[in-house]
Structures are given as structure tokens and as C-alpha cells.
Amino acid sequence: MPSQGSTCEAPHDPRPLVLSLKGITKRFGPLTANDHIDLDVRAGEIVALLGENGAGKTTLMSILFGHYIADEGSVSIADADGKLAPLPGGSAQAALAAGIGMVHQHFALAENLTGFENIVLGTQSLWSLRPRGRGARDKIARLMAESGLAVDLDVPVARLSVGEQQRIEILKALYRDVRVLILDEPTAVLTPQEADSLAATVRTLAGKGLAVIFISHKLHEVLALCGRVVVLRGGTKVADRPTAGADRATLAELMVGRAIPARERPPSTPGAPVLSLRRVSVGALSQRDRLEGADLDVRAGEIVGIAGVSGNGQGALAALVAGLAAPRAGEAMIDGVRLAGADPAGRVAAHVGRIPEDRHRDGTIGSLSVAENFVLETISAPENQRAGLIRRAAIRARAMEAIQAYDVRCPGPDAAIRALSGGNMQKVVLARVLEREPKLVLAHQPTRGLDIGATTDVHRRLIAARGRGAAVLLISEDLDELFALSDRIAVVHAGHLSPALDAAGLDVRTVGLMMAGHGAGEAA
Amino acid sequence: MWEALDILTQANFWAATIRIATPLIFGVLGALLCERAGVLNLGIEGIFVAGAMSGWLAVYLGLPLWGGVVVAALVGSLFGLVHGVLTVPLGLSQHVTGIGVTLLATSMAYFGYRVAFPNVATPPRIEPFAPLDVPLIGDLPFIGPILAQQTGFTVLAFACVGVLAFVLARTPLGLALRAVGDNPEAVEAQGLSVVALRIGAVMAGSALMALGGAFLTLSAFNAFYFGMINGRGWVCIALTVFASWRPGKALLGALLFGALDAYQLRIQTIAGGVVPSQIFLMLPYIFSIAALVLVARRADYPRALMKPYFKGQR
């Protein structure tokens, strides 16, 4: 393993500067998204960019990549001779030509084209009559050999796995001879093994002199991979230091601006099963997202985590529990009642609290107010309506209480919920679900896209629900989250659900192998 | 019974099939080009009318026939520019804008015609494209007479199928067009302009649609009538789905529709006394609906179709 621990901060670093941002400031109305940010990156360096949502990372990278124009400050990038030259703002073409490449969190790939076609897209005149051929293939083959990125170039991207699509994205940047590569949350969608392989690739590329800016929420990855870490908070740079000597707690504190209380998970004695599945199959939602003969018990007072790469059956499991899908075979029981058809209202009546995966699409109705979203599931209950008329005053009053209790930052109960940040929107969903003291909580990716502060809050609430005696089914792609919260963990792969094993006896690597389709015994 | 099958052996029937299919070939190619780039162009019906009227008028005023074809294409691309500007950079609803363009183009064509010819009892005529008189081919058995009845305009339609198929599949431009209809962010991230690609595709597609209209006044008939487009544009929108956005299948779909239409005209004369003629008139349209029901449910729509793209928004 190459050593990157020797990386030190300038001025003693002998490596040439490839990118220099000076005094970058960007305002959106009254909000200052970037406030005089300086950032230097040297050849061969892996720099982590850390910050909560809204800290200004995305804005800074968008300026670098030409999507926004900075109000003040300048971007300079080394030219072919290594001399720094100013980069004109607001032009993606100029950024690409100068050697800045970015791999977005949501891939910028045309899925109907092959990997090869995506890589060469836009690299030659549109009026040319011949597409790129032999020469381009040879170059890509060389890049693949150098970087260790192997992937089939000749099938439509839609048929590649997420990890393979990411390799295409990186090859796309390398094909354009980038000198600075920006990776935005690159491991969020990968299994641990894929993430390891990505880290190895990044080290190899840095070893060849590529400068890498690595944006991630996962502090342990940052510590393992990056030589230097830059922390943004509220639009300003609050730290720029070597990772040597830093630990997760200090980095988290720098990001959030206050100490993060350690998660406390008091022991709990599980009771009787609330959710019980016996050889349950659920039909396919999409190609692979189905469940075949699943066995699972989630008992009162425990959190059972479901690990797996998205689309392997956890969507079908969530749909079954949420009442959106019917079991096709087998016996599914909630609180002793057998589930027959798809029956969302029945699940609400059976005290199932549902935190859906996509809070914008399934969790809230954007144009309705916070108060209305708060009572969406119980609008026909007597406390919310009388003789078919909505009891506005009562609903507002209870929404006010929930806003207080759950610390929802919003203008008031009458504000349209779409105006809220993701974290605050999720707090409204949590309030709706947990205020009813559900017997079973379905938490499907409950912290996706949330920053550390909001994530900690969601975790605290789920642990509190468990302490109250609720059975919690936690479906997540974030293994850190699963291990932090779960009493037992099951892995779903290609529609098959493994037995739920005691979380204390599992480690991340074993679960990662199971996510990739290897059995528990094989992995151990 | 034998008479009904006998129709299929007549050269006349096959010649009519190709003639009826030609405007549809242009229309489907135009619609699929727009949609491949991510823009639904419901202006097609009006652009057909505008192409029919402007191409014909240009020839009536003294331009050569191919000059009329060029004029129609230019007029079509202008309406495409209107549709493109409203839907691409401004991101307006493609449905509403398209219907608006259809109303605008139809009304402008009718208005222009009425202003030019305020008091005519019978529509003025031009000398339309003559059938191709290619030696040797006309002497071929069976297909000779079929081909000999076609005009150069029809040859252009078939050529367009090949050209568009080649451009989409084999050139960097086609790559960019297919990409912009699937994921505009991918195109932007590679330094290409989503707006330029989409507006260009809509203009070129609209020019093809206008050629479909011009074929009717310059080749199939020799005059411009109100209501002569008669829903052909809408049929093309349906055939685009049937064709799965592929030029080759577009040709097939247009020929199928043309064959049904030519067939129903002929079967009417045989079975006309027994079955009401309206039943036969419905046949091609029932085919369109049936094809849509069967194909559209599994259709692989361009992913970004009808989704406006704004730079910097993710």
C-alpha cells in the first residue's frame, strides 16, 4: 500500500501546484454560499472536502466546473507546462479543456449508449462523419490497464451495475486527460469491496500525479484515503489540515461546529415478534427488486437492519410492510394479523409507522402545508375531522406541538412543506410516524441525503422508539448506520434474504461480501 | 373472397401504398428526431399544413418544384424554432406549446391562402412532380410498374430514412442526439450544449414534417385544400411509438399504415354494398390504436422525453 501519510501541508510540499482557488465568494440573494474560500491542490495529492449539506461544497465545485460564476475570487489551473493560468468562469467547456473532471454523485451517463459511446461523447466535432474508433479504444484500454478499472465497454450503460457505471464515469474523465479529478460522494452507492477497489484506483491515479478532490460524508474513508482535509461550514473554510493526527470526532466537530454527542444505545430486551415472515415471496417491483421465500422476525424492542445494494429486494420488502404490495406466497403477519392484499390504510390502522425511502416522492406532498402533511395518514380520524370537515384549528395546534418537539425549522405550520430542507422535511415525517406510537416502524433509508446533525437526530429517535418497545425494521445502504443502530442484521441479495444475525458478531467486510452475493458461511 | 386477396397482387395497390406512406415517412422521421432529442413536437399537424401550403404557393408563384420543397422545409424549421425556443430554454409544457404551434401554423397557412386567393371557386393548380421515368427499372416484372409510378419526392423520403438511420447510429452528432434525449446532464458534462442540440433537432425534425405536407400538394395532388392533412400528423405521433424511435421501423410502420389505407379504399368497392364504407375508413386508425396498445405499453421511451432541462439544476 502506498504511503500517503507523508503528505504535509504547504509550504514544504515540493509537488507542483495544479489548482489554486483564491478568495472565491458566491452569493445567492441574502445567502453567502461561499465566503472567500482559498484552496490549493498539488499534483498527486488526495484532498478531502468535508462539510454538512449547505456548507458550500457543491457551490464551490460547481464554480470550479463552470456551472456557476463566482462573484469574487479567481480559479487558476496549471497548463501543460505547469504554469498557473486563470480559468475563465462559467464555462464547462473551459473547465474540461483545462483538465478538470468531475464524477457526480448522480452519474451523468446516457444509459441508452454504451460505455464506449459515453466516454467519447463530445470529444470530436459533431459534424464529423466517422465516430471514434481504434485510436480511442487503444487509449481507453491503456487507461483501464493503468488504473485497474475494468468494465465492459460495449453494452448499454443501463445494463451495468452501479459500480461499473462509476468506472465508466472515471474513465470518461481520464480519457480527457484530467489533471484534477473531483469525486462527489463516490462511495455512497458502493459495497465495501467496491469502495476498497475504488480507493485503490484513486491511490494509483494519485501516484501518477493526478490531483484528486474527494467529497464524502464517510469520515473513516477520508481518514484512510486522503492526505489533507479541508472543512467548510456555513460557506467558510474552517479547517485545512493534514489528516495525520486527526480522528473522526474532531472532523465531525469541525463540520458541525459543536461536539457530536456519542450515540447511546441502551440495552433492550426484545419481546414477541411484531413482524413475522415465513417463506414470503413478493412480486417484482423492478427487474430484480423482488423477494423469494423470505423468513424474518422483527420483535418488539429491537432494531433489525436489512443490508443490501439497492434493487435487490429491499424495495419489495418495504412495499410489503408498507402495504403497497401483497405477498405472492408464504405467510406474513403483523402483530398476529395475517397480511392478505395490498392495504396501505390497513397498515396505518395496524399501527405500522412508515418512513419511506424517498421523502419527496412518497413521504410528503410538496404543495401541502407542514400541518396537512403531519395528518396525512390520519385525516379521517375523529380528532382531525368532524362530519367530513377538516378541523383546522386542532390540526394546527398539534402540528405546532410537533414542530416544537421535533425541532422542525420552518416558518410555521402553514408553510408549504416543499420549502423545507431535507432534514426538516424528514423531521415532519418522523413526527407523523412516531407521534402515533407505532408498534412497528419501517425506516427505509431514513437518513439518505441528510447531514450529520439531522442524521444523529433520526438515529436518536429510532433508538428511542425501540426503547419504547417498538419493533424497528431498518433498511439502509449505509453499513455504518446499520451497525450503529441494529441489534440484528440480515442481508438481501437478488431477492433472497439471509437469516438475521446478531450484529455484534458480524463485521462490515462479511456483510459486504454477502451484499455481493456470497453466503454468510462462505464469507466467514 | 378471392377478390379481396386479389387486391394484393395488383401493382396499383402497391403503388398507392407507397404514395400514401410517403408523407407519413417524413412525418414519423421528423417526430422521432425531435423525440430522440427529448422534445415531443405536437406542432406536427400544423407544420404539415404549413409545409403543404408554403411549398405549393412557392411553386405556384414560379419557383421550380424542388424550390418549393426547400421553401417548405425552411418554413417547417421556422415553426420548429418557435417550438424549440419555447420548450427548450424556456422549458414550457411541450404538450401545450405543441398544440399551440399546430393551431398557429394551421391558421397562418389558411389565412395566407385566403389572402392570396380571396375569390376562387376551384383551387388553383400547379404541375406536380411527374413519375420517375427511369429506363430499365420500369421494365422489371411486377415491381417495375410500382416504382415507375413514384416521383422523386418519394425517393427523397426513402433516402431520408437511410440518412437519418446512419446519422443516429454512426456519427458523433447522432451519439449526442441520442444522449441528450436520455440524460441531458451527460451531454452538458461533456461540454456540449443541450439547448443547441435540442433546438437543432426540433428544427430539422420540423423541416421533415413540413416535407410530408409538401408531398401532398406537390406530388400526390396538385393543389392545396383546407383540411387536406386530416390528422396525418397525429398518426405520425402514434407511429413513432410503434417504430420504437428507429428510422427503419418508422419506414415499416408508415408502409403498413399506407397498405391498410390503400386496401380499405379498394375493398370498399368490392364489399361496399354489404358493409358501410365508414367501417373500412376506420381500418388504418384502428390499426394505429391497436399497435399503440400492443407496443406502447412496453415502449422504451427516451428517458428525458418531455423533461425540460435547466443548466445547473440537478
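Glycine is no exception: its Cβ is also placed from the backbone N, Cα and C atoms.
Long-range neighbours of the transmembrane segment (B:12-32) within the same chain, counting only residues 6 or more positions beyond its ends whose Cβ lies under 8 Å from a Cβ of the stretch, are 41, 44, 47-48, 76, 143, 145-146, 149-150, 153-154, 157-158, 160-161, 164, 204-209, 211-213, 215-216, 219-220, 232-233, 235-237, 239-240, 243, 245-247, 250-251, 253-255, 257-259, 261-263, 265-266. According to TrEMBL, the transmembrane segment annotation covers B:12-32 (among others).
As annotated by TrEMBL, transmembrane segment applies to B:39-59 (among others). Tertiary neighbourhood of the transmembrane segment (B:39-59): same-chain residues 23, 27, 30-31, 65, 67-69, 71-73, 75-76, 79-80, 82-84, 87-88, 94-95, 97-106, 108-110, 112-113, 116, 126, 198, 201-202, 205-206, 209-214, 216-218, 223-224, 228-229, 231-234, 236-237, 305-306, selected by CB-CB distance under 8 Å and a gap of 6+ residues from either end.
Here TrEMBL flags B:65-88 (among others) as transmembrane segment.
Annotated transmembrane segment per TrEMBL: B:95-113 (among others), in sequence order.
Residues or ranges marked as transmembrane segment in TrEMBL: B:146-169 (among others).
Long-range contacts of the transmembrane segment (B:195-218) within the same chain: residues 22-27, 29-34, 36-39, 41, 43-44, 47-56, 59, 65, 68-69, 72-77, 79-81, 83-85, 87-89, 126, 128-129, 153-154, 156-157, 160, 176-177, 180, 187, 224, 228-229, 232-233, 236, each at least 6 residues beyond the stretch ends and with a Cβ under 8 Å from a Cβ of the stretch. TrEMBL lists B:195-218 (among others) with the feature transmembrane segment.
Long-range contacts of the transmembrane segment (B:279-296) within the same chain, counting only residues at least 6 positions beyond its ends with a Cβ under 8 Å from a Cβ of the stretch, are 235, 238-239, 241-242, 244, 253, 256-257, 260-261, 263-265, 267-268, 271. Residues or ranges marked as transmembrane segment in TrEMBL: B:279-296 (among others).
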